[in-house]
Amino acid sequence: LRPPIPVPQTLTSLLPSSHSYRGLTLVLTFLSYTSYHLSRKPISIVKSQLHPNCSALGPNPRNDSNSSTWCSWAPFDGDNYKELFGALDNAFLVAYAIGMFISGIFGERLPLRYYLSGGMVLSGLFTALFGLGYFWDIHVLWYFIVVQVCNGLVQTTGWPAVVACVGNWFGKGKRGLIMGIWNSHTSVGNILGSLIAGTWVSSAWGLSFVVPGIIIGTVGIICFFFLVEYPEDVDCSPPLHHVMTTSEKDPEAVIPNEGPLSLSGQSSADHSNSPKEPAEEPEAISFLGALRIPGVVEFSLCLLFAKLVSYTFLYWLPLYIVNVAHFGAKEAGDLSTLFDVGGILGGIFAGLISDYTGGRATTCCVMLVVAAPMLFLYNHVGQNGIGTSIAMLIICGALVNGPYALITTAVSADLGTHESLKGNAKALSTVTAIIDGTGSIGAALGPLLAGLISPTGWNNVFYMLIAADVLACLLLARVVVKEARGWCGYMARQRGYVIT
C-alpha cells in the first residue's frame, strides 16, 4: 500500500477543487524546471570572463609579465582554453546523459515531491560551489570538473519528476497543447539565466552562479511544501489517460493495440469511479519493462538525433552568426534568442496539432521533414539581411524544437501511462528518463561533432544537422505507418466498412 504523502492542511483549505490543484501543479513544475535551466545557463555567459581579451583592458597592472592573458582566470588562461571549456561542457552533459537512465528508476520508487525537492537543493549547492571558486580563489581544473559532474548527475532528478507530476494530473485529451505551452519553461529559464548571470559577470562572476544556485534551492523548498504528486492524495479523481469511446477523433481508438499511443477499451466508469481508499500499489516498472512499451525505443532514438540538432544550435549558433553574418558578440547573442522564441511556438503548435489528430509521431515526422530543407535554406540565404535572419531563425527554431518538445513532454507522458501497463502509471519517471536520457546522448554529441567539423566549413556542419534530422524522421517511420492505419480504419468504420 502507498500511504498518501501528507499535504499541508492550509493548502487543502485554500485549494478545494481539482482544477486549482492542476493549476498549482503546472505553476510549481514550470517554476521548477525554469530554475533548472536558469542554473545551467551561467557557464555559457561566464566563459567570456574566464578568458577575456586582456589587451582591450590596457597594460598589465601587476607588471610581472607581458602576457596577454593577465586578466584571465587560471587554469583557463592558456592557449588550450577552448578545450578546457569543452571539458566543462562535456563533464556536465555526459554525467547528465548517464545519470538520466538511473534517475527515472529512483523516481518511480521514491516520493516525487521528496525526490524533486532534494535534487533541486543539491543542484543549487553544486551551482553555488562553482561560483564559490571565485571567492575561494580556486584555480584547479579538477575542482570545476568535479562540480560539473556532480551537478549534471543531480540535475537528472528534474525532468522525470516534473513530467510525472504533470502526467499524473492531466489526461491524454489536451495533454499535447497543455504541455506544449508548459514546455516554454526551457526557453524562459535560458533567458532569465542569461540576464541574471550577465548582471555580475564583469564585476564578480562567482555571483553569476551563487545567485541562480540560491534561486533553484529556494524553489525546491517551496515545492517540498506545496507540490501535490497524485490527485488521490487530496481526494481528487485521477484523469483519464485513455479515451474510451470510438467516437472520438483519435484514429487509434479503432485499432486499440496498433500504435504506441493506442487507446484502451476499458470503460471510463472504471476510471472515473475509482475508489478513494488506498489500493494495492503496483510495483514500479523495470528498465527493460519500460523499453518493451511499444514506441519507447523509436521515440528515444528519434529524440537522440532531434536533440543533437537542437543543442548544436544552442551552443554554436551565436558563433555561427558572428562568423557568417559578422555581427558583434552581443548582437549575435540577442539574435540567437529568436531560435528559442521559435521553439516555444513550435512546441505549442506541435502539441495542438497532435491533440487534434491523435498522431504524435506523424506530427513530429512532418515537422522534421520540413526542417531539413529549412536548415539548408538558412545556411545559404539566412544571412541576407536582418529581416531574413529573424524569419529563418524563428522558423528553424519552431521546426527543430517542436518535435523535441512534443517527445519530451506529451509523448513521454502518453507512453508512461500506456494501455499495456494495465492501469499501472508508475512508469512515468522511468519512461521519461529513458527517452530524455537517450536524447541527452545526442545533446552531448551534437556540440562535440560541430566542434570537430566546423574547421572544415560551416556548410559541413549544416549537412551533419540535416542528416541527423532525416535520421530522426526515419526512426519514426514504423510508428507513423501504424498511426496511418489507425486513421484508415477510423475512416472506413465511419463509412460503414469492415476492416479485416
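Heads up, the Cβ atoms here are built off N, Cα and C, so glycines get one too.
As the structure is a computational prediction, the values presented were derived from the model and not from experiment.
Residues or ranges marked as compositional bias 'Polar residues' by TrEMBL: 263-272. The feature domain 'Major facilitator superfamily (MFS) profile' is assigned by TrEMBL to 25-485. Look at TrEMBL and you will find 259-279 tagged as region 'Disordered'. Annotated transmembrane segment per TrEMBL: 84-107, 114-136, 142-170, 182-201, 207-228, 296-317, 337-354, 361-378, 390-415, 427-449, 461-481, in sequence order.
In this chain, the transmembrane segment (427-449) lies close to the transmembrane segment (296-317): three or more C-beta pairs between them fall below 8 angstroms, excluding pairs fewer than 6 positions apart. Outside the transmembrane segment (142-170) by six or more residues, the chain places 21-22, 25-26, 29, 32-33, 36, 39-40, 43, 87-88, 91-96, 98-100, 102-104, 107, 112, 115-116, 118-120, 122-123, 126-127, 129-130, 133, 178-179, 182, 227, 229-231, 238-239, 408-409, 412-413, 416-417, 425, 428-430, 432-433, 436-437 with a CB less than 8 A from a CB of the stretch.
Computed over the domain 'Major facilitator superfamily (MFS) profile' (25-485), the whole-number mean pLDDT of the model equals 80. The highest tally of CB pairs under 8 A with the transmembrane segment (390-415), across 84-107, 182-201, 296-317, 337-354, 461-481, is held by 337-354. Counting same-chain residues at least six beyond the ends of the transmembrane segment (84-107), those with a Cβ under 8 angstroms from any Cβ of the stretch are 40, 43, 47, 50-51, 75-76, 78, 115, 141, 144-145, 148-157, 159-161, 164, 284, 287, 290, 315, 429-434, 436-437, 440-441, 443-444, 447-448, 451. Beyond its flanks by at least six residues, the transmembrane segment (461-481) meets 259-260, 295, 298-299, 301-306, 308-309, 312, 316, 320, 359, 361-362, 364-365, 368-369, 371-372, 375-376, 378-379, 400, 403, 442, 446, 449-450, 453-454 of its own chain at Cβ-Cβ distances under 8 Å.
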